[in-house]
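A short worksheet on the structure shown next.
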Amino acid sequence: MYHLWIKCLAAWIFLKRCNGVHAMPAKAPMYPNEPFIVLWNAPTTQCPLRYKVDLDLKTFHIVANANDSLSGSVVAIFYPNHLGVYPHIDERGHFFHGIIPQNESLTKHLNKSKSDINRMIPLKTFHGLGVIDWENWRPQWDRNWGSKNVYRNRSIQFAKKLHPELSEDKIKRLAKKEYEKAAKSFMRDTLLLAEEMRPNGYWGYYLYPDCQNYDYKTKGDQYTGKCPDIEMSRNDQLLWLWRDSTALFPNVYLEIILRSSDNALKFVHHRLKESMRIASMAREDYALPVFVYARPFYAYTFEPLTQEDLVTTVGETAAMGAAGIVFWGSMQYASTVDSCQKVKTYMNGPLGRYIVNVTTAAKICSHALCRKNGRCVRKHSDSNAFLHLFPESFRIMVHANATEKKAIVKGKLELKDLIYLRKNFMCQCYQGWKGLYCEEYSIKDIRKI
């Protein structure tokens, strides 16, 4: 009965969005008057400090931690060995903390997590992204396939050791029940602890929600990009996680096989669509902010995204109504002076200019359509409308002097531009505002803030 209610709720929200109506307001943006932001979450500290290569992130409207570090006051990412005593098996087969969640003390984990959060985020007024990156196992038994099947096997062994008198069938059912209960407790209680300690942060788990639409390698031209129904249903069953999250962190990493292809857009679009669906069903008062993880280079390579794929990732993310995009990267970006220079060159070329284009266009649309009280979202999520600067009305220039370099946008919105925006986009009002153009105070929403 509970699962049926969730499905009905999800279907109602989906119909609302398809009809171009936002049933819920959005949380106010992370920074005032910045409806769509781009953040940097790559370990590039060595570029400015060791190699004296400034990546010019600030120049192109990218928000980053101090010294371009991986974790800080803007984005704090917690890997398995950074937060508590996370039970798991690593990629090399090493065992940690009882391997499975039901074989480790939750109290011990939370006590250690508390000290880890204080160490990594000393500022109690932390207002950044708190991203917990636990990818070794999934909280749902049926999603632990492939290499993650080891957690099911270990759980069965654990249950059999405690209850040798039970039949194989009962052992498997008990193992599943105990595993899911413990996994839920680990994930939920960790999240609630983090939110209690740093209540102004945006907390959630990396790669949640997922869509499992990775079959582009086998489907070829038959690939639709759609999330399998079973995976959407499983996401519905994680309502407990969405309710306790204060942000969502899906990813849209592109492999090189998708370069400049129709399949790339299908892959990204449906992952975003599922994330926005989950964001709208998580709470009663506002849709969760979605910060989408992307890579400026193709996954597992050091080859920059094409202009077309920048539109596919950054452009699609903004047009679908996400709060921002987070660029993640590997140590390779800062491994040598040449690597740093390659990132800088890309930043000063297509990447930086496109980021300025989209972030500025999102701001202009928010001003023109939503009176700065909401963000622009496609009226029809499957359309090909993007939040881009109108080339006949605006131009991007980079000004540099002895002390700073800054990208500046010059121009003004023309009537024909406004007509285009009104035709293709609608306002998702921030909490406290309502109306077609977010022009009215909403006393009901203000009381909830």
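Using the three backbone atoms N, Cα and C, a Cβ is placed for every residue, glycine included.
For Cys47, the disulfide partner named by Swiss-Prot among Cys211, Cys227, Cys340, Cys365 is Cys340. Disulfide connectivity taken from Swiss-Prot links Cys365 to one of Cys376, Cys427, namely Cys376. Asn103 (N-linked glycosylation site) sits 17 Å from Asn111 (N-linked glycosylation site), taking the CA atoms of both as reference points. For the domain 'EGF-like' (427-438), the model gives a mean pLDDT of 96. Broken down by DSSP into helix, strand and coil, the domain 'EGF-like' (427-438) contains 0 helix, 6 strand, 6 coil. Considering only the recorded positions Asn111, Glu135, Asn153, Asn401, Asn67 (N-linked glycosylation site) has Asn401 as its nearest partner by CA-CA distance. Rounded to a whole number, the distance between the Cα atoms of Asn401 (N-linked glycosylation site) and Asn111 (N-linked glycosylation site) is 50 Å. Rounded to a whole value, the Cα-Cα separation of Asn401 (N-linked glycosylation site) and Asn153 (N-linked glycosylation site) is 62 Å.
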